Amino acid sequence: SAGLDLAGVFLFAILTLMTLIANLVFVEEVVYIYRKIPPSKRSILIWINAAAPVIATTSCIGMWIPRSTMFTDFTAAVFFAIVIHKFLLMMIKECGGQKLFLRRFENGHFKISTGPCCCCCLCLPRVRITRRTLLWLKLGTFQFVFFRPVLMFLSIVLWTNGNYKPYNLSLDGAAIWINCFIWILTIIALWPVGIMFQQVRTILSCKKIIPKFALYQFILILSQLQAAIINILAMQRIIPCVPPLSSSARGAYMIQQLLIVEMFLITLISRVVYRRRYDELEPPEGTPEEGDDNKQTL
């Protein structure tokens with residue numbers, strides 16, 4: 001960030017201000033959650049609402065300190081892996097917890113022909129909803145929480161040793177193999193969330209689950225797919241180098257700056273979506289855990 005002209009300094013200042021505002025909005029949301037939300041749901045909602053501010057913060061740090069990009073990417077990736085697992089748990093919790101979920105859908109079946117794994121495999125049989133299948137869905141997202149930090153940590157260790165180059169995707173390089181494993185694990189983790197959403201989206205429509213799922217999908221697409229596309233464009237030199245920045249450096253700057261703006265907007269929208277839902281449904285919830293029995297009338 002050294003040697004910025006006046007326009008560059010102004011841009012960095014605006015983006016830093018956006019990051020600061022996003023974090024202040026999140027802190028205000030945490031205060032609201034602690035005041036209004038039952039204790040059993042606080043942790044999950046805080047994790048999910050923190051996704052956008054955390055990604056904005058790591059992007060801002062990477063923008064100001066380019067050499068920290070590997071570490072900021074590691075932090076954002078690990079955090080979002082946890083958020084994917086928490087989002088699955090939130091859908092179960094919004095149905096009253098695992099016991100009430102199983103009681104509500106005791107004769108139901110999960111539709112497993114859904115994205116991103118099997119959206120085209122319409123012939124797949126439906127799976128009966130039991131405690132075991134629910135456990136498999138949880139393990140599907142939890143494996144990502146466990147394995148992604150391990151792979152990201154391995155990539156940092158190899159990078160510090162000079163064996164890992166993020167923009168070297170040749171078959172004899174470590175980057176392509178680690179990235180392939182990460183994408184496979186990502187797809188496996190997203191599948192249970194899609195299955196659960198298909199099951200509960202009707203019954204939880206009053207809980208604004210559809211806009212919440214849309215926000216979660218936006219964060220996923222913008223932080224993962226958008227970054228991958230820009231990195232590929234930079235590697236192919238479609239994003240031209242402008243001294244003193246190489247193509248890859250310019251691509252990294254574009255990713256960070258776009259993410260700051262996008263996560264800032266998502267933070268503001270999340271505050272509206274999550275807060276509005278609890279303003280409407282707080283009285284019927286009554287008690288933290290078993291008060292959700294009232295929702296049997298849905």
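The backbone N, Cα and C atoms fix where each Cβ goes, and this holds for glycine too.
Note that TrEMBL annotation is computational and uncurated.
Per TrEMBL, transmembrane segment is recorded for 6-32, 44-65, 71-89, 135-159, 174-193, 213-234, 254-274.
Remote same-chain residues near the transmembrane segment (44-65) are listed as 1, 12, 15-16, 18-19, 22-23, 25-26, 29-30, 33, 37, 72-73, 75-76, 79-80, 82-83, 86-87, 89-90, 93, 212, 216, 219, 223, 252-253, 255-257, 259-260, 263-264, 266-267, 270-271, 274 (criterion: CB distance under 8 Å, separation of at least six residues from the stretch ends). Among the stretches 71-89, 213-234, 254-274, the one making the largest number of Cβ pairs under 8 Å with the transmembrane segment (174-193) is 71-89. Non-local neighbours of the transmembrane segment (71-89) in the same chain are 44, 47-48, 50-51, 54-55, 58-59, 61-62, 137-138, 141-142, 144-145, 148-149, 152-153, 156, 189-190, 192-193, 196, 213, 216, 219-220, 223; each lies 6+ residues outside the stretch with a CB under 8 Å from one of its CB atoms. Within the same chain, residues 11, 15, 18-19, 21-22, 25-26, 28-29, 45, 48-49, 52-53, 55-56, 59-60, 62-63, 208, 211-212, 215, 218-219, 222-223, 226-227, 230-231, 239 sit at least 6 positions outside the transmembrane segment (254-274) and bring their C-beta atoms closer than 8 Å to a C-beta of that stretch.
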